[in-house]
Amino acid sequence: MRTAYRVETVRAAEAELMAKLPDGALMRRAAAGLAAACAGMLGGAYGARVVLLVGSGDNGGDALYAGARLARRGAGVSAVLLGSRAHEAGLAALRGAGGRVADDPVGAVERADLVVDGITGIGGRGGLRPDAAEVVRAARGSGAVLVAVDLPSGVDADTGEVAGEAVRADATVTFGAYKPGLLIDPAREHAGALRLVDIGLALPPVPDVEALQHEDVARLLPVPVGESDKYRRGVVGVVAGSARYPGAAVLAVSGALRGGAGAVRYVGPAGDAVLARHPETLVHAGPPAKAGRVQAWVIGPGLGDTPGADDVLESDVPVLVDADGLRNLDPSAVRSRPAPTVLTPHAGEAAALLGTAREDVESRRLEAVRELAGRYGATVLLKGSTTLVASADGPVRVNPTGTPWLATAGSGDVLSGLAGSLLAAGLAPRDAASAGAYLHGLAARRASRGAPVAAYDVAEALPAAWRDVRG
Ligand SMILES: NC(=O)C1=CN([C@@H]2O[C@H](COP(=O)(O)OP(=O)(O)OC[C@H]3O[C@@H](n4cnc5c(N)ncnc54)[C@H](OP(=O)(O)O)[C@@H]3O)[C@@H](O)[C@H]2O)[C@@H](O)CC1
Ligand SMILES: [K+]
């Protein structure tokens, strides 16, 4: 599991550790890790041209001490001072090692092999200031490798919001713990490759944000045992599709068939289309209450204007509500359910549920997903460039898999079927949602390999993604 902690928590752990260590020891640890990472990216420090962008705080101090180490190993290091002040001892260390302050900042970054962004770290507020923004633009245009110290300057460490201009790094070397912003878009896109330097912080067992890795998903996935029959493995009911959108039913069922449940029951008007592609489906014209027992329902993909989710919400099994099922969804109807509910909106649907604008949800995804989970007393999977899963309490899960090619019609239908199937197989709601998103993103990567991908290709790649995870 990759975990991330908010600034407040990191600062408390830092204070506790600093009290036990000699002055400056933590910054030296951080700088040593940063210098080693930079030397690695340069293929050796000797003869390299390194420029440090130095802000007012300790983030600049880290850059200066790392610069001193690189200068001692033979790099030509100069510092561009962008803050109201600069870390004095760090600057003295750089000068002592033969580094200097650049007198032509833009010229220096244009000639650099590597630029270190030490403008702001966890103490930064808002986007880059104009003087810093100018030098950062020159650095981006120069072809130099751009390495961010702790965080790309200009992004919000706790939320992943980017309020103005921010550094776009090739890599970010972060200290002690990942910060939520490093895992969540839009900030995540600014961070490049992530590297964590252990500086010995003792952090609480429960993080603020977490991201599943292969081994976590492997532990969650259901495995049939000797005495399993199709009913014991779980039956998932899919209420989807309409005369206008029969394809959504086919795609949701295709996801559900590859999600671990023993059988898929389809309820709705698109039975012929479903059977043509998936003859193994149990098809029923409806209503859901008469279709037979299931262990979880999926409702919503391609329903169009057909009546909403009420009938299914009254059932006593877990329900996943997606797409058209989310329209006008009543929070009290969801909150009073006797079994868990999972909602899987994209940003536009989340905005409608929250009564706000889509851009608002996109710029503050973490807050939006938490707010929805609280309001509906449900597990909420917010789809997007980084898919987030929140329950009423506990860490928010960030999905680390996926590809921008996944933003394609029908891919959400596959995901809702898949996650619903995992629910029916007995996974807890947040596990079903996050393991579903993980497999779905992995399948999309496999199916796409850098080219456009159709939703059905994603469904067909699910068994391979499943095998990848199982190793
Ligand atoms: N925690 C740990 O365990 C460890 C932490 N360490 C390091 O310390 C870093 C945190 O240091 P920090 O607290 O000094 O804050 P930091 O981010 O350097 O700068 C804040 C200053 O920047 C300014 N400023 C603000 N906004 C701005 C903007 N938009 N654009 C430009 N400038 C802006 C503002 O000053 P002003 O210029 O307004 O006077 C403010 O005072 C942390 O990220 C890590 O690198 C490691 O050394 C060891 C272990
Ligand atoms: K930085």
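Using the three backbone atoms N, Cα and C, a Cβ is placed for every residue, glycine included.
Site annotation (TrEMBL, ligand K(+)) includes Asn59, Ser153; from Asp117, Asp131, Asp170, Asp185, the additional listed residue is Asp117. According to TrEMBL, Lys383, Gly384, Ser385, Thr386, Thr387 bind AMP; the candidate from Gly355, Gly410, Gly412 that the record adds to this site is Gly412. Site extent for AMP: the farthest pair of Cα atoms among Lys383, Gly384, Ser385, Thr386, Thr387, Gly412 sits 14 Å apart. Among the binding-site residues Asp150, His346, Lys383, the ones whose Cα is located within 10 Å of the Cα of Asp117 (K(+) binding site) are Asp150. Contact annotation for binding-site residues (Ile122, Gly384, Thr387) versus ligand 2: none, no CB falling under 6 Å from a ligand atom. Within the set of binding-site residues Asn59, Asp117, Ile122, Arg125, Lys383, Gly412, Asn59, Ile122, Arg125 have a CB atom less than 6 Å from some atom of ligand 1.
In this structure, the binding-site residues under consideration are Asn59, Ser153, Ser385, and the one with the smallest number of other Cβ atoms within 10 Å of its Cβ is Ser385.
Rounded to the nearest whole angstrom, the C-alpha distance between Lys383 (AMP binding site) and Asp58 ((6S)-NADPHX binding site) is 36. The CA atom of Ile122 ((6S)-NADPHX binding site) is located 8 Å away from the CA atom of Asn59 (K(+) binding site).
For the pair Ser153 (K(+) binding site) and Arg125 ((6S)-NADPHX binding site), the C-alpha distance works out to 9 angstrom.
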